[in-house]
Amino acid sequence: MSNYRGIQALRGVAACMVVVTHALQLRNKNFGGPLWENGGAGVDIFFVVSGFVMAIGRQKSASEFIKRRLFRIVPLYWLFTGIMLVKLFIIGLQPSIEVYAEHVKTPLSYIAASLLFIPYRNSLGIVLPILVVGWTLSFEMFFYLLMAAGIALQVSMPMFLSTVLISLSAGSIFRNDNWPAITVLLNPILLEFLAGYLLGLAVKRGLTINRVLSATLGIIGFAGIFAFSSRLEWGVCAFLIVQAAIPLEGFPKLVLDLGDSSYSLYLSHMLTLSILARVIIRVGIRPSVLAYITLQLVASAAVALAVYRFVEFPMKEASSPSTRPLPEIRWTAST
């Protein structure tokens, strides 16, 4: 991602948005106070970015593609799912954000489904994996499987993805809560991957856009995240933000490091938040909203940077030693 510094930085921003939302949920549960659910739009940004990255990358074969994706996603997810199981069964540090987890049963079928990214209805009737943020990875892995299928079938990828993802999104119209858990994948959120993919194709083919217009649309996208509250609206905003981030450069190293460690941050922050929350309660302080968010965000980022440096990065290097840098993007500054 070295030639896409704006996208790299945006990943860090998106992960931090999710952290802030969960931190405020936790503070609200323990002390009361405001909520900011709009930070969940960070997930929509991730999905658009995923589609974009898949479009600009060079895919050799279906087996090579899926192997790289599995090495990228699975080991760290399994690690933190295992930590969550230990947390639930042994240590007893219940994840305060996941209120349902205090009473949910964890049969082997639930554990297996969680590890395999298969949507599963737990004992409370909620379709969420053991590591709750992993629900997004079910969609990520499904998108990767579609990509692998398109490569294997040697079909027109844009047409294949458009047909399948639009059809599955339309299926959400008919779905109800009585349908099997796997049908949660019938969701319009899939269109965010498609939007990112088509954006990546446009960039890869040399299409240009006025930078002032691009930046203006990005600002509108960020404003929209604060103004709107539905996934459909956030998806549009995420697309506007991602397209604006593509040509950006000149970010501080810390921002780029957060972008690199965004996956570690996304998976580890629930654990960090809950542990620090218990420390704050035991110390007997009640931080202001701003102080609480700052403490939790800094702690979550620090843990994520460490996880990336000592766990994720070594695994990534071992699994893809010959990864080539992505091609540069050229955008015009004139009309």
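Every residue, even glycine, has its Cβ placed from backbone N, Cα and C.
Residues annotated as domain 'Acyltransferase 3' in TrEMBL: 6-308. Confidence annotation: the domain 'Acyltransferase 3' (6-308) carries a mean pLDDT of 92 in the model.
Look at TrEMBL and you will find 39-58 (among others) tagged as transmembrane segment.
As annotated by TrEMBL, transmembrane segment applies to 70-90 (among others).
Positions annotated as transmembrane segment by TrEMBL: 110-135 (among others).
TrEMBL lists 142-167 (among others) with the feature transmembrane segment. Nonlocal intrachain contacts for the transmembrane segment (142-167), taken as residues 6+ away from its ends with a CB within less than 8 angstroms of a stretch CB, comprise 50-51, 54, 59, 61-63, 65-66, 69, 73, 117, 185, 190-191, 193-194, 197-198, 201.
The annotation transmembrane segment is assigned in TrEMBL to 179-200 (among others).
If you look up TrEMBL, you'll see 212-228 (among others) marked as transmembrane segment. Beyond the ends of the transmembrane segment (212-228), by six or more residues, the same chain brings 38, 41, 234, 236-241, 243-247, 331, 333 to within a C-beta distance below 8 angstroms of the stretch.
Taken from TrEMBL, the feature transmembrane segment applies to 263-283 (among others). Among residues of the same chain six or more beyond the transmembrane segment (263-283), those with a C-beta under 8 A of the stretch's C-beta atoms are 12, 15-16, 18-19, 22-23, 26-27, 30, 46, 76-77, 80, 83-84, 87, 93-98, 131-133, 292, 295-296, 299-301, 303-305, 307-308, 311-312.
Taken from TrEMBL, the feature transmembrane segment applies to 289-311 (among others). Panel annotation: around the transmembrane segment (289-311), residues 15-16, 19-20, 23-24, 26-27, 33-34, 76, 79, 257-258, 260-265, 268-269, 271-273, 276-277, 280 of the same chain, lying at least six beyond its termini, place a Cβ under 8 Å from a Cβ of the stretch.
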